[in-house]
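Novice: Below is one structure. I have some questions about it.
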Amino acid sequence: MTLYRRHQAEVEIKKDQIRQQIRVLEHGRRRFSTTPTQRHGHVTPPKPGEELHVTFIDKDGDRHTFEVSKGDNLLDIAQANDLEMEGACGGSCACSTCHVIVEDEEMYDKIPEASDDENDMLDLAFGLTETSRLGCQVEMTPDLDGLVVKLPQMTRNLQASDFEKRS
Amino acid sequence: MLINRCVRFSPCARTTAIKSFPTYDTFLPFRPLAARYSHHGPQYNGPAPTVAVIGSGPAGFYTAQKLMREIHGTKVDMYEQLPVPFGLVRFGVAPDHPEVKNCQDTFQEVAASPDYTFIGNVNLGHDLPLPLLAKHYDAIVFAYGASKDRQLGLKGEEKPHIYSARAFVGWYNGLPEYRDLNPDLTAGETAIVVGQGNVALDVARTLLSKVDVLSKTDITDYALQTLSSSKIKHVHVVGRRGPMQAAFTIKEIRELLHLEDVQFTPIPEELFPPDLKQLPRPRRRLMELLKKGSPVRDQATKSWSLDFLLAPKFLNWSASDPNCLEGVTFIKTKLEDPTSPDSKVTNTDETQLIPTSTLFRSIGYKAEAIPGMNEVGAEFDERRGTIRHDGSGRVVPFGEGGKTETNPTGSLNGVGVYCSGWVKRGPTGVIASTMTDAFQTAEAIVQDWKTMYSSASQAKEPRDGWKGVQAEAQALYLPLRPIHWDQWQKIDKVEKAEGAKRGKPREKFGRVTEMLAAAKS
């Protein structure tokens with residue numbers, strides 16, 4: 001199963017790379033650089049053969065799959081790839097803006113258990129589910145290769161009751 | 001951890017695989033801030049608005065951020081009454097919560113954009129009439145938060161030894177308005193905080209924390225001095241309802257329970273629902289934590305308690321000194337359904353006296369109207385303390401600004417009026433809630449704007465924003481002394497340098513004059 005997922009992800013990435021190249025050619029422009037840029041201090045480009053795969057499903061339902069390294073956390077990966085994940089507290093587990101929902105329960109169980117602090121923040125998250133985590137607290141490991149997470153619907157179905165009262 | 005966000009560079013070639021076709025923009029190696037999320041939807045190539053955002057707290061900045069991201073080239077002029085930005089992130093967030101202030105990194109990123117202008121030290125409605133903005137902007141966004149607090153309505157509430165939590169928090173955080181509050185914490189050993197929200201817990205934690213722990217934070221030096229001579233040993237945090245209805249959040253409770261040498265008085269068992277397992281997760285975890293309480297600390301020098309089901313009735317003053325508080329008499333209350341989070345509460349005939357020398361009221365913040373607001377079509381709901389809007393932050397959509405029955409063409413040049421943050425939804429929730437709320441308002445503005453100007457063919461003369469406002473203000477001889485972002489950065493630098501001398505991240509200026517002097521340095 002994992003192998004199949006991995007294969008699927010790789011195919012997706014190849015397809016996208018080809019599409020991108022076509023578009024670049026169409027526009028008559030070359031990419032600034034074809035090697036991974038080192039600008040993202042917070043994510044490390046994966047070593048060949050050690051790529052892990054993670055897929056984010058954004059609020060429009062679009063899937064984005066990335067090849068990442070062991071040790072990268074989901075918030076950093078999302079931000080390095082311009083996905084809409086805020087991380088207001090800068091990844092210090094002090095807000096709930098990097099809330100993600102793990103699609104697969106089995107996968108969720110493979111992630112090291114959340115700390116009290118993380119659970120405290122998750123309790124304030126919009127649309128909390130049984131498989132919710134904070135992106136900044138989930139680090140990629142070989143066990144999590146093929147992880148699929150959803151970004152919660154942030155601004156839709158917003159109700160006054162979603163806000164914890166502060167008196 | 002400081003996030004080094006990639007704003008100006010395209011995503012890593014190796015790690016990117018965007019399934020939906022990205023826009024052409026994504027392929028340019030250098031992309032401005034506004035283009036960061038440009039692959040979320042069809043590219044818009046129509047004109048961009050010039051927007052005035054009133055208030056520079058999280059509501060203002062998150063609205064600005066979203067607007068600038070969604071419509072490339074949006075100009076944002078942010079008006080702020082004080083010479084310094086960030087609103088409650090600077091003046092409200094507790095000094096011992098530095099990680100919560102990390103959202104300033106995002107705000108700084110927004111401010112670094114050439115499309116952003118900070119106009120500090122300008123009090124709209126006072127220094128500058130609000131309607132003057134109308135013809136220089138496409139939209140005005142009210143994001144100025146809640147500047148007042150709710151009162152208990154008790155006789156003698158204005159006397160000494162009774163403080164509003166807002167004032168106390170503002171005072172220790174360096175808010176100029178409360179620089180001279182000088183609270184007296186030496187009158188006795190007990191303090192009562194009325195209200196059970198997170199602000200109440202912030203006040204309790206500040207009173208109970210060790211001064212050498214606080215001295216490493218950006219709490220003001222004058223507050224540290226007062227706190228170090230504090231005699232307060234026990235803090236009652238009193239609420240009208242029960243634990244199931246309390247407004248505080250679990251993180252703040254956990255912090256208080258973990259305070260060194262501070263004992264928590266256990267909550268009577270009968271106040272908890274019999275079966276906690278039935279509760280939804282957030283409430284269940286909170287109840288479990290409250291039930292567990294803090295371990296017995298033999299060396300405890302201070303203590304605190306959560307006192308439920310008590311509503312303040314009157315203040316007890318000393319017979320010999322009418323300015324000396326001796327206690328507060330509470331009415332005992334009863335819950336209709338103790339297990340329901342929104343249970344109604346009724347008063348009983350019983351009363352309870354809690355002796356105390358100091359009282360803090362912390363029963364909520366309240367927004368105020370800005371003079372001239374109704375002239376731009378905004379209506380302030382005094383009862384709710386918010387601006388009336390359509391649910392998404394629309395007050396007056398574009399093109400309709402100033403239209404009235406007597407003036408059907410609209411004298412306000414079609415300015416759109418919107419609101420965001422606490423002045424929109426009321427003073428509740430954490431920064432993340434304000435972020436969501438601000439994004440919603442920004443999305444409404446973007447939607448309205450794109451409906452009006454769907455393509456580049458509908459070319460539109462850009463409005464002149466601050467430049468035009470400044471020229472008009474000069475012509476009217478209005479003495480404005482605006483502080484711009486580079487001047488704030490000077491203040492920031494001096495504050496940080498002063499802080500470094502004292503082993504703190506920053507030493508805030510408590511007075512506007514000091515801020516202005518530093519801005520000119």
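Cβ atoms here come from the backbone N, Cα and C positions, even for glycine.
As annotated in TrEMBL:
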- B:Ala59, B:Glu80, B:Leu88, B:Leu124, B:Trp422, B:Gly429, B:Val430, B:Ile431: FAD binding site (BINDING)
- B:Gln196, B:Gly197, B:Asn198, B:Val199, B:Arg240, B:Arg241, B:Glu252, B:Gly429: NADP(+) binding site (BINDING)
- B:50-210: domain 'FAD/NAD(P)-binding' (DOMAIN)
- B:388-407: region 'Disordered' (REGION)
Novice: For B:Leu88 (FAD binding site), what is the tally of other C-beta atoms lying within 10 angstroms of its C-beta?
Specialist: 23
Novice: Which of the binding-site residues B:Gln196, B:Asn198, B:Arg240 has its Cα nearest to the Cα of B:Gly429 (FAD binding site)?
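Specialist: Given the candidates B:Gln196, B:Asn198, B:Arg240, the nearest one is B:Asn198.
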Novice: Can you check which residues sit near B:Gly197 (NADP(+) binding site), meaning Cβ under 8 Å from its Cβ, same chain, 6 or more apart in sequence, and list them in order?
Specialist: B:Ala247, B:Phe248, B:Ser362, B:Gly364
Novice: Tell me which of the binding-site residues B:Gln196, B:Arg240, B:Arg241 ends up closest to B:Trp422 (FAD binding site) in space, Cα to Cα.
Specialist: B:Gln196
Novice: For chain A, which of the binding-site residues B:Gln196, B:Trp422, B:Val430 fall under 8 Å by Cβ?
Specialist: B:Gln196, B:Val430
Novice: Could you list the residues of the same chain, at least six apart in sequence, whose Cβ is under 8 A from the Cβ of B:Arg240 (NADP(+) binding site)?
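Specialist: The answer is B:Leu309, B:Leu310, B:Ala311, B:Thr333, B:Val345.
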Novice: Determine, to the nearest whole angstrom, how far the Cα atom of B:Ala59 (FAD binding site) is from the Cα atom of B:Val199 (NADP(+) binding site).
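Specialist: With the alpha carbons as reference points, the distance is 19 Å.
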Novice: Where the distance is taken from Cα to Cα, which of the binding-site residues B:Gln196, B:Asn198, B:Val199, B:Glu252 turns out closest to B:Glu80 (FAD binding site)?
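Specialist: Looking at Cα distances from B:Glu80 (FAD binding site), the smallest one goes to B:Val199.
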Novice: Counting distance between Cα atoms, which of the binding-site residues B:Leu88, B:Leu124, B:Val430 is nearest B:Gln196 (NADP(+) binding site)?
Specialist: B:Val430
Novice: Under a criterion of Cβ-Cβ distance under 8 Å and sequence separation of at least 6, what residues of the same chain contact B:Arg241 (NADP(+) binding site)?
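Specialist: The list for B:Arg241 (NADP(+) binding site) reads B:Gln196, B:Phe308, B:Leu309, B:Thr333, B:Leu335, B:Ser343, B:Val345, given in order along the sequence.
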Novice: By Cβ count within 10 Å, point out the most packed of the binding-site residues listed: B:Ala59, B:Leu124, B:Val199, B:Ile431.
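Specialist: For the binding-site residues B:Ala59, B:Leu124, B:Val199, B:Ile431, the Cβ with the most other Cβ atoms within 10 Å is B:Ala59.
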